[in-house]
């Protein structure tokens, strides 16, 4: 026997002193701390199919989907693994068998750690896949074989590496599908026909399988919970509403009904009951189904008189302006501890703060319950066509073939500094490989304080910005976010971000002092200007959105344009404050060239002149 052969034989001898060690931590205990949705979810999703069938594409899309819904997972890709763990293996039958065995063992460890492990390997031979299944089953771990099925000609047409062409030319030997067989699975858990289905459809087929097997909660598949009465039940519910006692609600309350009914506050089914209210007040989250970010209370205040009148009723109608809007069911009344609420949400109880003033003047009781909303809330102000629901926004993005959606929340007119940030974000997304990034320009449309520019004027100004080409109309959606404004700084900015996440945004631009305002008495910033961005980067439950920090933009006097501020060239920049901008507009003067699109500036001056006339 040669020395090399002898050494190889000796290395293959198994040690007799190796004993498998049992973990001290159980899978259930591990599942409690892995991810933000409690429960052990460890399993392996084994994607098999020809090269070019779509395994890697589906694997990474499934990974992105699960992570965005707080399900911990990891994708093992065939090419990636051969760069490291299996770099010493070739493509002989023996090496292929060992490649799959190693992957199965690694996948088992990932699954045992509580992750959904997604593997994307050709794995052409049935016996190797069966061995991978046995490795998992012997460890008591679920294993799901997914056949990614695409005709050979389709796979060849997708072959960006040119491997099929080289195999047909004889340059690559033993290539699966050409001169090496692929043994199709006989009884896979799912078959994905990638020539007939979209990537999204394939992902949802796998998610449905994981739900059926109790790996993924059913609650995550329906991302948006609308509270409208189904059309086939509407007549019956309307008739019922006519027989019920009613509670008159304010315009502010109606705005919150709109927010709830359209699904912006998913998974809330109505105004918060005390349990939900306490979770939000003390943890900034809802905790009944994992950790769901919810930083602001969405509550319905009522007077002591209305509480006395209605507390014996399990259900009653909410009415506004004499119109029955919704039925509130399984009502629960609890004390409205206003000072505590304001302290926790705003960090102050100063009644000169405009929203705190409204809270302090509202009812002494809160009522929570499930809502059945009779119809979509419309304001008939000429702007309803911009009030797109989360589902409508998702559909709009789908029609635009968006592969990234970046949201910009605003309650002020758009100047070229804002536009620079949005343009720069789009540029960065394109550099990262996205093909069709879409901007969601999403002005807040609910209640705002008296000195803010009203919604109708802001919408005219935004339209002028698009008309002048400062932002690209073809890749921009302008829609109205129906929420009232709280001016609650870092607490509120989480709500702004999370609601856009619900609507499909996966990038969120956060600015300086988001949702902030000057302290009503000291006139200094009520919140530290950088805290909003810092809090968003740490906030729990915002797993499917990436925070894009707001770079400081100012007017560059040399360039005569808005530019990103460089402290080394401080003297070149002019910081044009909102106060100065409003003063110029009131006096009919123009700002420096390049500060704002001329047509957009004219809208602003027209608004302030209208105030002077009135």
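If you go along the chain as it appears here, the first residue is 1 and each next one adds 1.
Placed from the backbone N, Cα and C atoms, the Cβ positions cover glycine too.
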Residue among 92, 138, 180, 197 sharing the ATP 1 site, where Swiss-Prot lists 52, 53, 54, 55, 56, 57 as binders: 197
Record-annotated adenosine 5'-phosphosulfate site (Swiss-Prot): member among 161, 193, 233 besides 79, 80, 81, 82, 91, 96, 97, 98, 99, 122, 123, 174, 175: 161
Swiss-Prot annotation, ATP 2 site containing 409, 410, 411, 412, 511, 512, 513, 514, 515 - matching residue among 402, 553: 553
Binding-site residues: 52, 54, 174, 511 - member with fewest neighbouring CB atoms within 10 Å: 174
Stretch-averaged pLDDT - the region 'Adenylyl-sulfate kinase' (1-215): 83
Inter-residue C-alpha distance, residue 97 (adenosine 5'-phosphosulfate binding site) and residue 55 (ATP 1 binding site) (nearest angstrom): 19
Of the binding-site residues listed as 52, 55, 99, 123, 174, the one whose CA lies nearest the CA of residue 411 (ATP 2 binding site): 55
Largest tally of Cβ atoms lying within 10 Å of a Cβ, found at which of the binding-site residues 53, 81, 515: 53
All-chain count of other Cβ atoms within 10 Å of residue 123 (adenosine 5'-phosphosulfate binding site): 26
